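What Swiss-Prot says about this protein:
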type	residues	note
COMPBIAS	96-113	compositional bias 'Acidic residues'
CROSSLNK	K147	SUMO2 cross-link
DOMAIN	2-84	domain 'GST C-terminal'
MOD_RES	S8	phosphoserine
MOD_RES	S42	phosphoserine
MOD_RES	T88	phosphothreonine
MOD_RES	T93	phosphothreonine
MOD_RES	S95	phosphoserine
MOD_RES	S106	phosphoserine
MOD_RES	S174	phosphoserine
REGION	78-115	region 'Disordered'
Amino acid sequence: MGFGDLKSPAGLQVLNDYLADKSYIEGYVPSQADVAVFEAVSSPPPADLCHALRWYNHIKSYEKEKASLPGVKKALGKYGPADVEDTTGSGATDSKDDDDIDLFGSDDEEESEEAKRLREERLAQYESKKAKKPALVAKSSILLDVKPWDDETDMAKLEECVRSIQADGLVWGSSKLVPVGYGIKKLQIQCVVEDDKVGTDMLEEQITAFEDYVQSMDVAAFNKI
């Protein structure tokens with residue numbers, strides 16, 4: 001198992017393909033598996049690898065919670081497609097004296113008792129919440145306007161990037177291109193969200209992260225279901 005060399009374009013492509021239908025490296029919540037792979041990626045993936053970039057930006061937002069994420073961090077070769085071998089650690093990046101920056105801002109030290117307790121508490125809370133079936137789920141229908149930089153922006157790629165955003169409580173719907181003038185068209189796309197899981201701030205943050213394609217995002221309509 002593995003992703004090849006995650007410092008190389010080929011390895012990032014394997015990661016992008018792997019995440020095409022997944023939100024996380026393992027399971028349905030951020031875990032130490034995501035931390036292990038994130039730390040092996042030296043910089044944000046390019047915009048055309050939209051699945052990998054979406055995952056990278058999402059996991060980066062958990063910087064302060066790194067130690068408390070569930071699971072046990074394993075070697076890179078324990079994650080990824082079964083038919084690909086991990087080679088990320090075969091180069092100079094194995095050295096502890098390299099200049100790579102730990103984007104999580106901490107060393108691989110032993111987990112403190114407080115961090116362990118906090119992680120176990122959060123995991124227990126998550127499992128408890130998952131086991132309870134809510135009587136009523138509040139949902140909203142949102143219409144988003146996603147604007148490109150200019151008339152040369154690849155709108156098909158822009159829409160692909162937007163739809164690559166996956167989250168529990170988010171369902172993408174229909175879309176269309178709407179002329180705005182000077183040959184420029186904006187993407188108008190519908191989505192349904194569960195209010196306690198997905199907000200417009202989260203959508204805007206993840207959509208505008210595709211900055212090579214997206215200039216801005218606006219909420220055109222918002223209706224409770």
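Heads up, residue numbers simply count up from 1 along the chain you see.
Note: Cβ is positioned from N, Cα and C throughout, glycine not excepted.
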Check: Cα-Cα separation of S8 (phosphoserine) and the residue listed as 'SUMO2 cross-link', in Å?
Finding: 31
Check: Under a criterion of Cβ-Cβ distance under 8 Å and sequence separation of at least 6, what residues of the same chain contact S174 (phosphoserine)?
Finding: I189, Q190
Notebook entry, point to check: Does K147 (SUMO2 cross-link) have same-chain partners at least 6 apart in sequence with Cβ under 8 Å from its own Cβ, and which are they?
Noted result: V180, I184, K186, L187, V214, Q215, S216, M217, D218
Item checked: S8 (phosphoserine): tally of other CB atoms within 10 A of its CB -> 14
Next item on the list: Give me the mean pLDDT over the domain 'GST C-terminal' (2-84), rounded to a whole number.
Entry: 88
Next item on the list: Ten-angstrom check, please: count other Cβ atoms within 10 Å of the Cβ of S42 (phosphoserine), all chains counted.
Entry: 14
